[in-house]
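Q: This is the structure I have questions about; it appears just below.
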Amino acid sequence: MSEILLFSPQPLFSYTMNKYSRLYTNSNIRNTFFSEIGIGIAANSLLLLFHIFKFIRGQRSRLTDLPIGLLSLIHLLKLLMIAFIATDIFISWRGWDDIICKFLVYLYRSFRGLSLCTTCMLSVLQAITLSPRSSCLAKFKHKSPHHVSCAILSLSVLYMFISSHLLVSLIATPNLTTNVFMYVSESCSILPMSYLMQSMFSTLLAIRDVFLISLMVLSTCYMVALLCRHRKQTRHLQGTSLSPKASPEKKATHSILMLMSFFVLMSILDSIVSCSRTMFLYDPTSYAIQIFVSHIYATVSPFVFMSNEKHIVNFLRSLCKRVINV
């Protein structure tokens, strides 16, 4: 997905306060965005609490439970960060100093990278779970959550290093008119970087995205192939007239395949919106649309996971009935 909120190392456009100040005067854009963020925060909080209670009760966990719980935590923190940043875009506090700008934007960028990483890891772990005993991946099925935690921790350190340039280039917007700074929010701007630094961080980001997305595509194709083979074997043994009940592993796989497809769709849509911003000379409305599109995945993904959990589905149904009766 394209780097949202101008957090990429390339200077995408110059700082123009008057042009982007129109964002916080448009109540429709502001209300739509904060509604999306509110729904995403509530859904990710519910999914995270479910996995915390599941861990406390000592229930048997699947290999993918830790990444799913971690992904909900990452998306929750990511949405909280963008909510704070969005208040300075749509409401315009203009009271943040360098430390606040660096802290919020750096954390947001780190959570955004971890979201991609954890989604990829989730796809790989589900492929391992679904793999047959004869597969070379079967030996990884019984790995403890500590191995997954170590892998996630290592990637977290890597992403923090890749985003470290923001700690230097992010500043509080000075009270002067200039075309040197790049717009992040009403209070925060990015200093231009040298060509060497731009090239280095762009290369690191490109390598990261290509590697993770390629790994995600390979694991997804592997799961699809396994499901197709299993369906053929089932039809051969039981006949086409019967519809055997899907196992929990198969249901989880379908959910993750749906999530991967949705992730790719949102990535393509995000790229299209990003390109349209270039065509329309970085119109503020296109900028707001890109912010909205780039967070649809974090908002929708918990609903995909919760649809596979009977306890959460039953809880939501009972809650809806109570609301309707009231």
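Keep in mind that glycine also has a Cβ here, set from the backbone N, Cα and C atoms.
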Q: Mind checking which of CYS188, CYS221, CYS228, CYS275 has the disulfide with CYS101 in Swiss-Prot?
A: CYS188
Q: Using the annotation in Swiss-Prot, determine whether PHE55 and THR285 are placed on a common side of the membrane.
A: no
Q: Run the contact check on the transmembrane segment (255-275) against the transmembrane segment (111-130): 3 or more C-beta pairs under 8 Å, excluding pairs closer than 6 in sequence.
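A: These two stretches do touch.
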Q: For the topological domain 'Extracellular' (276-285), report the average pLDDT of the model, please.
A: 60
Q: Cβ pairs under 8 Å with the transmembrane segment (286-306): which stretch of 33-53, 66-86, 111-130, 204-224 has the most?
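A: Between the candidates 33-53, 66-86, 111-130, 204-224, the best contact partner of the transmembrane segment (286-306) is 33-53.
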Q: Which of the three DSSP-derived classes (helix, strand, coil) applies to CYS188 (disulfide bond)?
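A: In three-state terms, CYS188 (disulfide bond) counts as strand.
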